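Student: Got a structure for you, questions after.
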Amino acid sequence: MSIVVKNNIHWVGQRDWEVRDFHGTEYKTLRGSSYNSYLIREEKNVLIDTVDHKFSREFVQNLRNEIDLADIDYIVINHAEEDHAGALTELMAQIPDTPIYCTANAIDSINGHHHHPEWNFNVVKTGDTLDIGNGKQLIFVETPMLHWPDSMMTYLTGDAVLFSNDAFGQHYCDEHLFNDEVDQTELFEQCQRYYANILTPFSRLVTPKITEILGFNLPVDMIATSHGVVWRDNPTQIVELYLKWAADYQEDRITIFYDTMSNNTRMMADAIAQGIAETDPRVAVKIFNVARSDKNEILTNVFRSKGVLVGTSTMNNVMMPKIAGLVEEMTGLRFRNKRASAFGSHGWSGGAVDRLSTRLQDAGFEMSLSLKAKWRPDQDALELCREHGREIARQWALAPLPQSTVNTVVKEETSAATTADLGPRMQCSVCQWIYDPAKGEPMQDVAPGTPWSEVPDNFLCPECSLGKDVFDELASEAK
């Protein structure tokens, strides 16, 4: 099946609804992906890219339904990665002498994957052109390290279509091809996820390369990407977003992520978040347990944030493995213009938080004070966590904080209500976790100020997951 992109340009790619892992298991493609290949039929017939190698046979068969393979005059490979050029071996077995136009670096990559140095390679550089008849040309633009050394874009004159390779794409599968036909919220979420997780390390190259392309003064009516939608409605909107994202991007947002062995570090994360929100209600705060969350969603939130707080328990004097792995990945992504703070709990010996602070600094984050707690944090320790959050909110504020005494008044009233109206704290008889009515249990939607009698019957202890029936009134408060 083919789809008309514009005039004599047809999409002949492959949708992949089922793919859930990309680049090994490093990128979760929760909404599938597509491998976009384009057939241009002018006086000369040109195929731009192929599809992922696992669809090689289907691709060649479908292409054969569109055109006699012997009538393909040129093959353009914008990128040699296997999700772009994976079907080359299957295709070239049918038309082995067809010229392949690509960068010099692409020849090395293609031969490294396909092992056919005898293919008819033709090296192109920025500004080189290829006449395809009917007054039209292909213009080639090298884009090294966006995101491989071999990468390039191809522009078709006359139709004013930019075949942009990985740039401006997204791992997003939909039966509709064009950007104005799909769910806009989904689309732009996937665009940002794609940029944050794949292109962020190369942000310093994005702006000059876009500027170079714009310097050709060529009209762009469409941007035909290698993955996801074709931008036909206001195609420059995604270009403008890339320029914004490449410029040390941040929002008024803080991301907290952690791993924990006994929920102690989780308790710290919750209290820190409470302190941040109490001091700066304008800032968006998101908390993730790395063991239970989509890693790429965490990294996308880090990309959006002005700062991150990373928490870990201490295990064998070092940080938890999932935290170590995620920090290593952040190092590779080379985030800029972001602050960080490390926190965590430990038992008889620490070490993880200091190690984590060093790793975050090495990753390029501007470091703020770290925070440690021994064993399970008690009420005093949790208050220190909240105060840490308040201080973070003050230090990281992008604008002057609101001058208000509301929080102070509310805090005084809540404190009075805790002792006068909310009843005693309750302690789990199994693990000793304490429910404080003044603080509630946000992870189970129990709001601060909820007395034990109003806590839902399906409440479970956050530590041992047992029900309300194992709780007793805290001994020190029993009458």
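Backbone N, Cα and C atoms are what each Cβ position is placed from, and that goes for glycine too.
Source: prediction; values computed, not measured.
Feature list, courtesy of Swiss-Prot:
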type: BINDING; residues: His79, Glu81, His147, Asp166; note: Fe cation 1 binding site
type: BINDING; residues: Asp83, Asp166, His227; note: Fe cation 2 binding site
type: BINDING; residues: 260-264, 342-369; note: FMN binding site
type: BINDING; residues: Cys428, Cys431, Cys461, Cys464; note: Fe cation 3 binding site
type: DOMAIN; residues: 254-393; note: domain 'Flavodoxin-like'
type: DOMAIN; residues: 423-474; note: domain 'Rubredoxin-like'
type: REGION; residues: 30-210; note: region 'Zinc metallo-hydrolase'
Student: Measuring Cα to Cα, tell me the gap between Cys431 (Fe cation 3 binding site) and Gly347 (FMN binding site) in whole angstrom.
Tutor: 16
Student: So which one is it: of the binding-site residues Asp83, Asp362, which has the fewest other Cβ atoms within 10 Å?
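Tutor: Looking at the binding-site residues Asp83, Asp362, the Cβ with the fewest others within 10 Å is that of Asp362.
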Student: Do you know which of the binding-site residues Asp166, Cys428 has the most other C-beta atoms within 10 angstroms of its C-beta?
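Tutor: Its Cβ has the most other Cβ atoms within 10 Å: Asp166.
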Student: Which of these binding-site residues is closest to Ser357 (FMN binding site) if you go by CA atoms: His79, His147, His227, Cys428, Cys461?
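Tutor: Closest recorded candidate to Ser357 (FMN binding site) by Cα: His147.
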Student: Cβ distance under 8 Å to Thr260 (FMN binding site), same chain, sequence separation 6 or more: which residues?
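Tutor: In sequence order, Arg266, Asn289, Gly311, Thr312, Ser313, Met320, Ser345 meet the Cβ cut-off.
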Student: May I have the list of same-chain residues other than Asp83, Asp166, His227 whose Cβ is within 8 Å of the Cβ centroid of the recorded Fe cation 2 site, in sequence order?
Tutor: Ser33, Tyr35, Asn36, His79, Glu81, His84, Asn165, Gly169, His171, Thr225, Ser226
Student: In Å, rounded, how far does the Cα of Gly347 (FMN binding site) sit from the Cα of Cys464 (Fe cation 3 binding site)?
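Tutor: About 19 Å separates the two Cα atoms.
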Student: Over the region 'Zinc metallo-hydrolase' (30-210), what is the model's mean pLDDT?
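Tutor: 97, rounded to a whole number.
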Student: Do any residues at least six apart in sequence from His147 (Fe cation 1 binding site), in the same chain, have a Cβ closer than 8 Å to its Cβ, and if so which, in order?
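Tutor: When sequence neighbours closer than 6 are ignored, His147 (Fe cation 1 binding site) has Asp166, Ile198, Leu199, Pro201, Phe202 within Cβ distance under 8 Å.
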Student: Hey, of Ala342, Asp362, Met367, which of those binding-site residues are within 10 Å of His79 (Fe cation 1 binding site), Cα to Cα?
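Tutor: Near His79 (Fe cation 1 binding site) by Cα: none of them.
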Student: Specify all same-chain residues, apart from the site residues His79, Glu81, His147, Asp166, whose Cβ lies within 8 angstroms of the center of the Cβ atoms of the Fe cation 1 site, ordered by sequence.
Tutor: Asn78, His84, Leu146, Trp148, Ser151, Asn165, Ser226
Student: Out of Ala342, Asp362, Met367, which of these binding-site residues is nearest Cys461 (Fe cation 3 binding site) by C-alpha distance?
Tutor: Ala342
Student: With DSSP as the yardstick, break the domain 'Flavodoxin-like' (254-393) down into helix, strand and coil residue counts.
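Tutor: With helix first, then strand, then coil, the domain 'Flavodoxin-like' (254-393) has 65 helix, 36 strand, 39 coil.
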Student: With Cβ-Cβ distance below 8 Å and at least 6 positions apart along the chain, what are the contacts of Ala342 (FMN binding site)? List them in sequence order.
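Tutor: For Ala342 (FMN binding site), the qualifying residues are Leu309, Val310, Gly311, Thr312, Val353, Asp354, Leu356, Ser357, Leu360, Ser370, Leu371.
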